[in-house]
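Chemist: Residues annotated as N6,N6,N6-trimethyllysine in Swiss-Prot: 4. What Swiss-Prot records for 113, 163, 167, 285, 317, 369 is substrate binding site, and it gives sequence analysis as the kind of evidence. Annotated active site, proton acceptor per Swiss-Prot: 165, 284, in sequence order, evidence recorded as sequence analysis. Annotation source Swiss-Prot lists N6-carboxylysine at 191. Here Swiss-Prot flags 191, 193, 194 as Mg(2+) binding site. Here Swiss-Prot flags 324 as site 'Transition state stabilizer', drawing on sequence analysis.
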């Protein structure tokens, strides 16, 4: 009688290879690198314990609850091919451990404490399976892909964007001028850089006003709906909401948020506001590489992408496969599908550890940006398909003739690639030829092709 005090082996309680996972469990795949001498079963069980009900010693209050009902369970361990010291530990968490509709709580539970654990040399969360029973407690993206196309009246092609550069230092009026020139030239969107908030050289309200003026002028002249991602990110959630409200009063179609630096709680509040008030929400992933770049420690971006779809956002940056920032093709396409599709089959070659069923949650448009230019257009059109936003910052504003011709060059290149694809041509093989043909009737594109013909972002 009573309880047996003392330190216990985690694997005795939390390593349960016979466990059959339930449809309502949240499943996690962790890449575990145990300290030398720690068996994988003990390390896997330690992860399950520390990210659910466990603590380092037996406590008498364990007797006041049903551990079997609430504990996380490490139900499978497999070696990582080519890595002697690493294992994939699969952990199942009962749904009752999590607050409904809170990405914040989900992450605090699953990754909050366990990453500093002494028995582990390194730990990486590779994937999460979110059951419909949990995902249904989230609103998800404010509008989603189809509603966005209907709002913008743009179909059958990727959308084109451009980040205004230099990202810091322009006055609000000059900033608005650059926005106007890009939109007038043929882009669908322009974008505040992620670190443009409200600095001494350009306060947020001035920027919002000049950008709204720019996009209305461009709309009137082109007959197309235009948008500028007004960055509402701020030092407090209240200030962020104030900026979003002002954007809505200006009648603009879209605002923006840095969801990792701003935090999931703020992001979810903003997403709810955006749905209630007809604003689209563009999400930038500033700070993601701090979390996801190491191969053996941190959180893979596909998990951050899933979390964003639950928290809410209509666009999110997803790497390029071809530009200046890292991204392996198959893995990138894996999380692009996780953002856009309703149902994604388990496929380890693309890094997808679990079959994910989003049921009817709206999709998110992946945004390709970072060091891309007109010569990349065929590859981007083929890799990302129609449901994407292609963002050329330097690839627009770096045009030798100026911003508007830079925008024209990108729009012509995109239309040429979409037309070629619709005619059944193979963009992977004939892409350069398609662009060259298009230069014949677009001097702007010809000039862009000349400037960027030699650029490569490859570091061997």
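Placed from the backbone N, Cα and C atoms, the Cβ positions cover glycine too.
Keep in mind the model is a prediction, meaning the values are calculated, not measured.
Explain the structural surroundings of these features, please.
Modeler: Cβ neighbours of residue 4 (N6,N6,N6-trimethyllysine) (same chain, under 8 Å, six or more residues apart in sequence): 58. The secondary structure of residue 4 (N6,N6,N6-trimethyllysine), as reduced to three states from DSSP, is coil rather than helix or strand.
DSSP classifies residue 285 (substrate binding site) as coil under the three-state reduction.
Applying an 8 A CB threshold to same-chain residues 6+ apart, the list for residue 165 (active site, proton acceptor) reads 193, 393, 394, 397.
The Cβ of residue 191 (N6-carboxylysine) lies under 8 Å from the Cβ of 161, 162, 163, 164, 228, 229, 256, 282, 391, 393, each of these being in the same chain and 6 or more residues away along the sequence.
Residue 194 (Mg(2+) binding site) is surrounded by 22 other CB atoms, counting those within 10 A of its CB over all protein chains shown.
Within the same chain, the residues at least 6 positions away from residue 284 (active site, proton acceptor) whose Cβ sits under 8 Å from its Cβ are 194, 231, 256, 257, 258, 259, 316, 317, listed in sequence order.
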Chemist: If H, G and I count as helix, E and B as strand, and all else as coil, what does DSSP give for residue 163 (substrate binding site)?
Modeler: strand
Chemist: Taking the centroid of the Cβ atoms of 191, 193, 194 as the Mg(2+) site, which other residues of that chain lie with their Cβ within 8 Å of it, listed in sequence order?
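Modeler: Going along the sequence, the neighbours come out as 163, 164, 167, 192, 195, 196, 229, 231, 256, 284.
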Chemist: Around residue 317 (substrate binding site), how many other C-beta atoms are within 10 angstroms of its C-beta?
Modeler: 22
Chemist: Quiz question: given the binding-site residues 167, 285, which has the greatest number of C-beta atoms lying within 10 angstroms of its own C-beta?
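Modeler: Its Cβ has the most other Cβ atoms within 10 Å: 285.
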